[in-house]
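Taken from TrEMBL, the feature domain 'Deacetylase sirtuin-type' applies to 17-298. Taken from TrEMBL, the feature active site, proton acceptor applies to H138. The annotation Zn(2+) binding site is assigned in TrEMBL to C146, C149, C200, C203.
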Amino acid sequence: MRATNLRFGADWAPSRPDLLARSLDDQLDELTTLITSRTWTALTGAGLSTDSGIPDYRGPESARAMPMLYGEFVGSAQARQRYWARSFLGWQRMRVADPNAGHRALVQLEAYGCNGVITQNVDGLHHDAGSDPVIDLHGRISDVICLDCGQVTARADYQQRLLDLNPGIATSEEDLRHAELRPDGDAVVDDWSDFVVARCMNCGGVLKPDVIFFGESVPKERVQRCYHLIDQSELLLVAGSSLAVMSGLRFVRHDAKAGKPVIIINRGATRGDDLATLKIDAGTSEILTGLLDRLRSPIV
């Protein structure tokens, strides 16, 4: 299955408004009841990392920017030049991002039934927080892969090579502060025409961040690992994903078809709302920390 960009309109709304009508406290109580004594898997998206300063693509505060398509990247040297110029600036902000309260809560929730995290994010913050296991569904921005020989190298090392090749690129704190960061680690750059792109040191081939671009297939082995983790659990909790791409939505459909509860925590509508046992329209950090507090100190 390809991670195709399946956008839905801004005026789209779930056919079950009853899911959104109750108070936040009531929904947290129901969430706690559903989670208690169950094994569950977390599926996370870009909305979880917004509290770490990394924007999402579809949240209410996000610009409607179209990410680079896989076919565009592999088929055009100019597209790769544009991508790496943007990534050069964006990486410097993303690499210093820290896990937020939502990431940290998920680590602690392993003591309350969470058997692992499947993340659509490429920022690596679940690993930094200490979650285990973590399946990086769309890869990690911290690695770079050669499309010709398959060699994987550290993004930090590649960044230094880009810096050496482009000494005139501004990288001051002021530049970084004003750069418009995107979820996949690139930033908006107006003029990239003179940017020099480094090639693979092993074979001279084309280098690509080791992440799944829109239109690129998620490796089958990785997808099967996700299904295996989900099939070992009794509930799926989605945190911070609009489920706009099939790579994440399929797991919601899989659990719903199996008759298992599906919980969705996300600001705004998602493509999985009609399959949700419980939908909470709120920030992920707020809800996950609230869930943890309730599980630690149950009301009797």
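From the backbone N, Cα and C atoms, a Cβ is placed for every residue, glycine too.
Since this is a predicted model, take the numbers as computed values, not measurements.
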- Message: Let me spell it out: for each of the recorded positions (H138, C146), count the other Cβ atoms within 10 Å of that residue's Cβ, using every protein chain shown. Which one has the most?
- Response: H138
- Message: Are there any residues at least 6 positions away along the chain from C149 (Zn(2+) binding site) with a Cβ closer than 8 Å to its Cβ? List them or say none.
- Response: C200, N202, C203, G205
- Secondary structure at C146 (Zn(2+) binding site) (DSSP, helix/strand/coil)? strand
- Item | Fewest Cβ neighbours within 10 Å, where candidates are the binding-site residues C200, C203 | C203
- Integer Å value for the Cα distance linking the residue listed as 'active site, proton acceptor' with C146 (Zn(2+) binding site) is 17
